[in-house]
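Novice: Just dropping this structure here.
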Amino acid sequence: MANYFNTLSLREKLDQLGVCEFMDRSEFSDGVAALKGKKIVIVGCGAQGLNQGLNLRDSGLDVSYTLRKEAIDSKRQSFLNASENGFKVGTYEELIPTADLVINLTPDKQHTAVVSAVMPLMKKGSTLSYSHGFNIVEEGMQIRKDITVIMVAPKSPGSEVREEYKRGFGVPTLIAVHPENDPEGKGWDYAKAYCVGTGGDRAGVLKSSFVAEVKSDLMGEQTILCGLLQTGSILCFDKMVEKGIDKGYASKLIQYGWEVITESLKHGGISGMMDRLSNPAKIKAFQVSEELKDIMRPLFRKHQDDIISGEFSRIMMEDWANGDKNLLTWRAATGETAFEKTPAGDVKIAEQEYYDNGLLMVAMVRAGVELAFETMTESGIIDESAYYESLHETPLIANTIARKKLFEMNRVISDTAEYGCYLFDHACKPLLANFMKTVDTDIIGKNFNAGKDNGVDNQMLIAVNEVLRSHPIEIVGAELREAMTEMKAIVS
């Protein structure tokens, strides 16, 4: 199979990268009607599969699960997830032939095998859905021309898809229709109905394309969402220990600090996060983050270039074919890092202390979010897509580190995200080696404000605030967060 994106002309590539429209809630006024009475069969019952299925069923839709015969016979976790929640479970041969909508929610590396197995069983005129377009865009999977192909991609882990739905809300979602597979022109109707069924219409929906979703998703997860959080965790911990900070304190500051710091990012963007610092600390964090952006920009651009060209997918799929040799080696090595092996200390850290003693972490978040956004938009990805794949998802990933450190983050994210995370981390740590030699405990481990009078140059502070607040990610972020807030108010 040929990489689909690379078969397109330059103009077609730019057109598909640029598909991005924030949809008005009125566009979802038909609710789930387009799928009412239709048989929905979900392939796979992991976190996304189970939680999306629960939401769809609670929205009045007919949902069942199909698994490989061996998974059913051996009662694997996927079988238990579905059966213990009262869903009908059957083999491909039993359920696929009568399905109107088949939703593929298996791991990325299984998509080619799964789709190749189910497609011959799918009835004429049925619909196939993905929550990530890697199989279509990067692997170039060819779907039978009578089959409609859609994508509904919630921008959060599966557990949050369910929890937000139970609260009467949802999570921001991207929807798309593959232009090569919309024979009856009903793809958008099905995608919108599916999105309503998961609750996504209540939190903000972007009309996207398979290409835009894949190229932006890969970039975000490799750089700021996973890669830089892993690099930052290891470097900050090692620096604190080197400078004599208690290991338990250092471990706790990092493990829970990302979550605390990015919570303000979620509500107020980069400006809201930086506003949690004192004026002198804000100026220092700004200066540090500017230096980090200059150092890391070539690496971010290389990752984006390799994603756009298909080089990243090529080397990752080679590792798939080699039994994940590199992935498993890198995963094991991460588990042996000092940060990962050091338990969080039994010490109380107040919320503000995470900011005051973690200035370098704040600077890394600002640098990483802005760089990811800038690099994506330079490549033709629209601001809204770039926002969701950078700033919006950072708090969600930070939450996984708070639970069980980097192991949990890498367990929860997709296989493509984990592979890209390790590639970035291995390149970024040596890139930052000279910078880290200049770092002391005033910006990581101890309070930057200690012994200072809190005075700053007014013009410098004004200039810093202006740069922060005028960045394009702040402008589009404010609009998208306001839309989400308005919808949440309507729902509640």
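Here the Cβ of each residue, glycine as well, is placed from N, Cα and C on the backbone.
Look at Swiss-Prot and you will find 17-208 tagged as domain 'KARI N-terminal Rossmann'. Among the features that Swiss-Prot reports, NADP(+) binding site is placed at Cys45, Gly46, Ala47, Gln48, Arg68, Arg76, Ser78, Asp108, Lys109, Gln110, Gly158. If you look up Swiss-Prot, you'll see His132 marked as active site, on the strength of sequence analysis. Annotation source Swiss-Prot lists domain 'KARI C-terminal knotted 1' at 209-353, citing sequence analysis. The Mg(2+) 2 binding site feature in Swiss-Prot is assigned to Asp217, Glu389, Glu393. Annotated Mg(2+) 1 binding site per Swiss-Prot: Asp217, Glu221, in sequence order, evidence recorded as sequence analysis. Annotated domain 'KARI C-terminal knotted 2' per Swiss-Prot: 354-487, in sequence order. Residues or ranges marked as substrate binding site by Swiss-Prot on the basis of sequence analysis: Ser414.
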Novice: Counting each residue once, how many in the domain 'KARI C-terminal knotted 1' (209-353) are helix, strand and coil under DSSP?
Specialist: 121 helix, 0 strand, 24 coil
Novice: Can you give me the Cα-Cα distance between Glu393 (Mg(2+) 2 binding site) and Glu221 (Mg(2+) 1 binding site) in Å, rounded to a whole number?
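Specialist: One finds 9 Å between the Cα atoms of these residues.
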Novice: Please list, in sequence order, the residues in the chain of Lys109 (NADP(+) binding site) that are at least six apart in sequence and whose C-beta is under 8 Å away from its C-beta.
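Specialist: Correct list: Trp320, Asp415.
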Novice: Neighbourhood of the Mg(2+) 2 site (Asp217, Glu389, Glu393): other residues with Cβ within 8 Å of the Cβ centroid, in order?
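Specialist: Counting only non-site residues, the set is Lys155, Ser216, Met219, Gly220, Glu221, Leu225, Tyr388, Ser390, His392.
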Novice: If you draw a 10 Å sphere on the Cβ of Glu221 (Mg(2+) 1 binding site), how many other Cβ atoms land inside?
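Specialist: Neighbour count, Cβ to Cβ under the 10 Å cut-off: 25.
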Novice: Need one number: mean pLDDT over the domain 'KARI C-terminal knotted 2' (354-487).
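Specialist: 93, rounded to a whole number.
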Novice: If you measure from the C-alpha of Ser414 (substrate binding site), which of the binding-site residues Ala47, Arg68, Gly158, Asp217 fall inside 10 Å?
Specialist: none
Novice: What does the structure give for the C-alpha distance between Arg68 (NADP(+) binding site) and Glu221 (Mg(2+) 1 binding site)? Integer Å is fine.
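Specialist: Cα of Arg68 (NADP(+) binding site) to Cα of Glu221 (Mg(2+) 1 binding site) measures 29 Å after rounding.
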Novice: Are there recorded positions among Cys45, Ser78, His132 that sit within 10 Å of Asp217 (Mg(2+) 2 binding site), Cα to Cα? If so, list them; otherwise say none.
Specialist: His132
Novice: Listed recorded positions are Cys45, Ala47, Ser78, His132, Glu221; which of them have CA atoms within 10 A of the CA of Glu389 (Mg(2+) 2 binding site)?
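Specialist: For Glu389 (Mg(2+) 2 binding site), the recorded positions whose Cα atoms are within 10 Å come to Glu221.
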Novice: For the domain 'KARI C-terminal knotted 2' (354-487), what does DSSP give as the number of helix, strand and coil residues?
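Specialist: Its residues divide into 103 helix, 0 strand, 31 coil.
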Novice: How many Å lie between the Cα of Ala47 (NADP(+) binding site) and the Cα of the residue listed as 'active site'?
Specialist: 14
Novice: How far apart, in angstrom, are the most distant Cα atoms among the NADP(+)-binding residues Cys45, Gly46, Ala47, Gln48, Arg68, Arg76, Ser78, Asp108, Lys109, Gln110, Gly158?
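Specialist: Of all Cα pairs among the recorded NADP(+) binders, the widest measures 21 Å.
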Novice: Specify the secondary structure state of Cys45 (NADP(+) binding site) as given by DSSP, simplified to three classes.
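Specialist: Looking at the DSSP assignment, Cys45 (NADP(+) binding site) belongs to neither helix nor strand, so coil.
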Novice: Please report how many Å separate the Cα atom of Ser78 (NADP(+) binding site) from that of His132 (active site), as a whole number.
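Specialist: Cα to Cα, Ser78 (NADP(+) binding site) and His132 (active site) are separated by 19 Å.
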